[in-house]
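Chemist: Once you've had a glance at the structure underneath, I'll fire off some questions.
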Amino acid sequence: MSLSTTPGLRTRKPPKAAGPARMVLARLSFLIAALFGVMTLSFLLVSVTPGDPAKVIAGPLASDEQVAAIAEELGLNRPLWERYVDYMGGVLRGDLGESYYSKQPVTSEILQKLPATLELIILSVIVAAIIGIGVGVTGAYFRGRLPDKVGRLGVSVFQSIPDFFLGLMLVYFLFFLAGWAPAPSGELGIVETAPSRVTGVIPLDALIAGDMPVFWSALQHLMLPVLTLGLVYAAYFAKTARTTVGKAMNSQQAQFARAMGLPERAVVRYAFVEARATIVTYAGVIFAALLGGEAIVERIFAWNGVGSWALQGILRLDLPVVQGMVLIAGSITLVTYTLLDIVVGLLDPRIAHA
């Protein structure tokens, strides 16, 4: 008699692993709750910071009555809870208020400037990944030999250089001395006119309009800022790729593959596949970090993005601008990490079921 037919005994079915759909739903459920937290934090962090925007707007020679009138006009003297309720209601309606200085809706300013920042970040991450992964895999393959030593030296150098300083050096050498790059005048030259806005990304809009001179000019103006961020963050990609690929190349599976007579390039390809989840994770982390960390680079190259715009808002205590940037940056970061979690879980189901 088998156990399945024995009275009083039942075979226990193994628990079902969470499928991809269940994993995605779980991540999206967490995302909704986390977005509410980001909305609250974006209000509280900015509202309780030291400084009086009314005094900054009024100027150093303003009287107390003038400062009080500005605070009354902006609603800064209302109770915190009342301002919070109004802010949350506005966010749910897509209304982030108006800038204290430009008097323009913050939502429209973000929508106008965000494409330029995303264009810069995405291209920088791609360049950083191509250079960094190439250097890292080469270092893992030639571990301890000359190519590895040269790669590690380059990683150490670029990790120690601030991105804004590297940007200034590239401007000096590639524009001022060599003349290989255009002036750091923004997304286009000073006398050039942007094409009709469709996507907000000038190279794409120029292609749509069929304006090839503007398209090539936009690509040339992308070169220096993308190279600046790409070289700095390529060092981090290289370090991660060298460690993860090197570990996979020394694993028991790789040693068994060598013992079976597989060529070394097949072992390297296997090691890279094993390391891809870690590398993809790192790409997402760098993307999120750049969203708020490239503001100074945008200022150096006169880039019309949300980073330099938010930096100006911070210096002038323009609270709606700062709150809008914190909210957008936090929301995009949360969405990035959620998508990253889903992608990594699909690449490596062991992580999804952990």
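Each residue, glycine too, has its Cβ placed from N, Cα and C.
According to TrEMBL, the protein has these features:
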type     : residues : note
DOMAIN   : 114-344  : domain 'ABC transmembrane type-1'
TRANSMEM : 21-46    : transmembrane segment
TRANSMEM : 120-142  : transmembrane segment
TRANSMEM : 163-183  : transmembrane segment
TRANSMEM : 214-238  : transmembrane segment
TRANSMEM : 279-301  : transmembrane segment
TRANSMEM : 321-347  : transmembrane segment
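Tell me about the surroundings of these features in the structure.
Modeler: Away from its own ends, the transmembrane segment (120-142) comes close to residues 148, 151-152, 154-155, 222, 225-243, 245-246, 249, 264, 268, 271-272, 279, 283, 286-287, 290-291, 294, 298, 303, 305 of its chain (Cβ-Cβ under 8 Å, at least six residues beyond either end).
If one looks beyond the transmembrane segment (163-183) by at least 6 residues along the same chain, the residues whose Cβ comes under 8 Å of a Cβ in the stretch are 189-190, 217, 220-221, 223-225, 227-229, 231-232, 293-294, 296-297, 300-301.
Within the same chain, residues 117, 120-122, 124-125, 128-129, 133, 163-164, 167-168, 171, 184, 186, 221, 224-225, 228-229, 233, 236-237, 240-241, 244, 307-308, 310-311, 325, 329, 332-333, 336-337, 339-340, 343-344, 347 sit at least 6 positions outside the transmembrane segment (279-301) and bring their C-beta atoms closer than 8 Å to a C-beta of that stretch.
Distant neighbours of the transmembrane segment (321-347): 20, 23-24, 27-28, 30-31, 34-35, 38-39, 41-43, 45-46, 87, 91, 96-97, 99-100, 106-107, 109-110, 114, 276-277, 280-281, 284-285, 287-288, 291-292, 306, 309-310, 312-314; these residues of the same chain sit at least 6 beyond its ends, with a Cβ under 8 Å from one of its Cβ atoms.
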